[in-house]
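**Student:** Let me give you the structure first, and then I'll get to my questions.
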Amino acid sequence: MKNICILGATGSIGTQTLDVIEKESNKFKLVAFSANKSYEKIITIIEKFNPVYGAINDKETFLKVKDHCNINNIKINLLYGMDGLIKISTLEEVELVVTSIVGMIGLVPTLEAINAGKDIALANKETLVTGGELVMKAAKQNNVKILPVDSEHGAIFQCLQGNSYKDIETIYVTASGGPFRQSKLEELINITPEQALKHPKWNMGKKISIDSSTMINKGLEVIEAHWLFNVGYDKIKVLVHPQSIVHSMVEYIDGSIIAQLASTDMRLPIQYALNYPVRNKKVVEKLDVYNMGNLTFEKPDFEKFRGLKLAYEAGKLGGIMPTIFNASNEVAVNMFLNNHIKYLEIVDIVEECMNKFENKSIKDVEDILNAEAKVRSFIKNKYNF
């Protein structure tokens, strides 16, 4: 029985991780989880999985859940805020921490978990995008496995099994192209949040859905792949694949290309990460290779999707520039979802911040958090958000 902690248990990845744990309850036990404001989901998790610990980031929700547990005589150790996140991430009994929490808030507890010797099933892109150098160094020092949960990185990870990283010629990170793959740039001027949230293939949370529509999500994945697989940016290419059946490919120096194909269900890469290094019987509908139809591939449009181009620039510059890229995008996406800016202004704001702030090297987590705070403050003050 493997003891699991999920950071961000009520979100899209967290919910699907719980589904895998439920289906394989003879192998996994939810010992601890974190959540923010989703009261009903939190209560369901507590009553269904009987975890020992729960960390809640929103004060009002924390008090409400605490009252419910006291009234109903439910035994659980409830914790609040960042201290709670760190506590559950470093529990002695926890063996694997699933970091599915969205945003920069996941960086510190993930690092703390690594320093406590916990293996990580990583679904929080921001952790590697902003702190990749610190995270991978800590993982090496503590002999910790970083197991990718993203479908693309999970696919790359599988394609690399039994092969040497030094033999990699090119990593192809596939992308569906999002809802606006066939749209012209001028057609994107008046895009609404509702339109941008309609992803053609994946069922995801709001933030990642908007990021997918701008292809900034793919840019974040490129930076993530750089750190996960220790590969230069010149060897990481984005390949638009509208059918979303090939989840990524690795080309080797001898010309061989290994690809991972599967149905579009996040529970598959989650299951692989939880069970690694073994495989278990499927928890998802298998891919019908006889009826999957034609598979097409095309180059991304870097002019229409400038966010992808900026991601490569930020990644190559290194230092705190990926943090500036990520933080500005987080705030801009939130502004767009609240109808405070237009769709194309998301990338404009990201570019503005990358040009405004000086790049610096990273010595510790504080450098990352300070850079993020400055970017957020600048945008909110300038755009009255």
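Using N, Cα and C of the backbone, Cβ positions are placed for all residues, glycine too.
Straight from Swiss-Prot, here's the annotation block:
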BINDING   THR10, GLY11, SER12, ILE13, LYS37, ASN124, GLU126, GLY205  NADPH binding site
BINDING   LYS125, SER151, GLU152, SER176, HIS199, SER212, ASN217, LYS218, GLU221  1-deoxy-D-xylulose 5-phosphate binding site
BINDING   ASP150, GLU152, GLU221  Mn(2+) binding site
**Student:** Should GLU221 (1-deoxy-D-xylulose 5-phosphate binding site) be counted as helix, strand, or coil on the basis of DSSP?
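**Tutor:** Its secondary structure by DSSP: helix.
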**Student:** Starting from ASN217 (1-deoxy-D-xylulose 5-phosphate binding site), work out which of the binding-site residues listed here (GLY11, ILE13, ASN124, GLY205) have their Cα within 10 Å, and give them in sequence order.
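**Tutor:** Matched binding-site residues: none.
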**Student:** If I take the alpha carbons of ASN124 (NADPH binding site) and GLU152 (1-deoxy-D-xylulose 5-phosphate binding site), what is the distance between them in whole Å?
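**Tutor:** If we compare the Cα positions of ASN124 (NADPH binding site) and GLU152 (1-deoxy-D-xylulose 5-phosphate binding site), the gap is 13 Å.
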**Student:** Could you round the CA separation between ILE13 (NADPH binding site) and LYS125 (1-deoxy-D-xylulose 5-phosphate binding site) to a whole angstrom and send it over?
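**Tutor:** Rounded to a whole number, the Cα-Cα distance is 12 Å.
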**Student:** How many angstrom lie between the most widely spaced Cα atoms of the 1-deoxy-D-xylulose 5-phosphate binders LYS125, SER151, GLU152, SER176, HIS199, SER212, ASN217, LYS218, GLU221?
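**Tutor:** Output for 1-deoxy-D-xylulose 5-phosphate binders LYS125, SER151, GLU152, SER176, HIS199, SER212, ASN217, LYS218, GLU221: max Cα distance 19 Å.
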**Student:** List the Cα distance (Å, whole number) between SER12 (NADPH binding site) and LYS125 (1-deoxy-D-xylulose 5-phosphate binding site).
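**Tutor:** Taking the Cα atoms only, SER12 (NADPH binding site) lies 14 Å from LYS125 (1-deoxy-D-xylulose 5-phosphate binding site).
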**Student:** Relative to the Cβ of ASP150 (Mn(2+) binding site), which residues of the same chain, six or more apart in sequence, are found under 8 Å away?
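**Tutor:** Once residues fewer than 6 apart are set aside, ASP150 (Mn(2+) binding site) is near LEU122, ALA123, LYS125, GLU221, GLU224, PRO269.
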**Student:** When you rank THR10, GLY11, GLU126, GLY205 by Cα distance to HIS199 (1-deoxy-D-xylulose 5-phosphate binding site), which of the binding-site residues ends up on top as the closest?
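**Tutor:** Out of the listed candidates, the nearest Cα belongs to GLY205.
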**Student:** Work out how many Å separate LYS37 (NADPH binding site) and GLU152 (1-deoxy-D-xylulose 5-phosphate binding site) at their Cα atoms, rounded off.
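**Tutor:** Just about 29 Å between their Cα atoms.
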**Student:** Specify the secondary structure state of ILE13 (NADPH binding site) as given by DSSP, simplified to three classes.
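**Tutor:** Assignment for ILE13 (NADPH binding site) reads helix.
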**Student:** Measuring Cα to Cα, how far is GLU152 (1-deoxy-D-xylulose 5-phosphate binding site) from THR10 (NADPH binding site) in Å?
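**Tutor:** So the Cα of THR10 (NADPH binding site) lies 22 Å away from that of GLU152 (1-deoxy-D-xylulose 5-phosphate binding site).
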**Student:** Using the Cβ centroid of ASP150, GLU152, GLU221 as the reference point for the Mn(2+) site, which residues of the same chain not in that list have Cβ within 8 Å?
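**Tutor:** Here the nearby residues are LYS125, PRO148, SER151, HIS153, GLY154, ILE156, VAL173, LYS218, GLU224, ALA225, SER248.
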**Student:** Let me know the DSSP-derived helix, strand or coil state of LYS37 (NADPH binding site), please.
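**Tutor:** The three-state answer is coil.
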**Student:** Run through the Cβ atoms and count how many others sit within 10 Å of the one on ILE13 (NADPH binding site).
**Tutor:** 28
**Student:** Taking every protein chain shown into account, which of the binding-site residues GLU126, GLU152, GLU221 has the largest tally of Cβ atoms within 10 Å of its Cβ?
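**Tutor:** Compared across GLU126, GLU152, GLU221, the most Cβ atoms within 10 Å surround GLU221.
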